[in-house]
Amino acid sequence: MPIRIPDTLPARETLLKEGVAVMTETDAVRQDIRPLQIALLNLMPNKIRTETQIARLIGASPLQVELTLVRVGGHTPKNTSQEHLISFYQTWEEIRERKFDGFIITGAPIEQMPFEEVNYWEELTQIFDWTQTNVHSPFYICWGAMAAAYHFHGLPKYQLEAKAFGVFRHRNLDLASPYLSGFSDDFAIPVSRWTEVRRADVLERQSLRLLIDSDDTGPCLLEDRARRSLYMFNHVEYDSFSLKEEFERDREAGKQIQVPFGYYPGDDPARQPLNRWRSHAHLLFGNWINQTYQSTPFSLDEIGQ
């Protein structure tokens, strides 16, 4: 089944060109089945880019999914037009009475700030708590994962001396995990962050299970079984050119930035980067969608009961 998104969402044209099945609202009504209700709290500056990346992965599922785009109300994005926000996004206050099968919270380029200094931290902690009663399975990404792990588990983040930036090898630590079904033993995932969580801190917390790890960049994916939550500290959702654009942006701004590790053939920025993580990105999101579908109540009203 395809993903259901607004007919005029900019991501729609991109997804159709890539062969992703996209459903009109008329077609969705005609099928007369309950789609999975998935919401995306998009904290990234380039919201159109991020919503396209997430919709691409969710839309590959054989299940019908309806995607709701959400933003925090206490922050006005500078890189996305008000017209786009008004047309396609709702604030959390506007959807807080609803229930969702899945809820994705993205990263944000504020990882070097203490959590409590983020101008929408209070609202975000309310959203975290709300997911425990109104969401069946939350999925946190990068800074969103660090923030949620700190909020729920007291897991600290640490400043890195240099940015972890590139495509790094990772290990599958749990072949039996349904979230890692089909994963190789060893695979590549993009990383782009100035902070880290540490393996020793994760292992001290019995409520967390380490599923994916890297010798180079540390813990990547955690599971909280009791809360049916996933914490992804890296950027498996990135498309082929995300790291390239970040590198060129920082270089043009005169910032100290190294060539992303393991990304360009021969570490030559003049060459076309190779996407070596696409299949595992689809596997992870597909497995999450499937697990959510298998365990969520048929009636949304029963979520949280």
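Using the three backbone atoms N, Cα and C, a Cβ is placed for every residue, glycine included.
Annotated substrate-binding residues in Swiss-Prot are Lys163, Arg249, and among Ser192, Ser214, Ser279 the one listed with them is Ser192. Shown are the recorded positions Glu111, Glu237; of these, the residue with the fewest other Cβ atoms within 10 Å is Glu111. Of all the recorded positions in the list Glu111, Cys142, His235, Glu237, the shortest Cα-Cα distance to Lys163 (substrate binding site) is found for Glu111. For the pair His235 (active site, proton acceptor) and Ser192 (substrate binding site), the C-alpha distance works out to 7 angstrom. Listed in sequence order, the recorded positions near Glu111 (site 'Important for acyl-CoA specificity') (C-alpha within 10 Å of its C-alpha) are Cys142, out of Cys142, Glu237, Arg249.
Within 10 Å of the C-beta of Ser192 (substrate binding site) there are 21 other C-beta atoms, taking all protein chains into account. Here the binding residues for substrate are Lys163, Ser192, Arg249. Their largest Cα to Cα distance works out to 15 Å.
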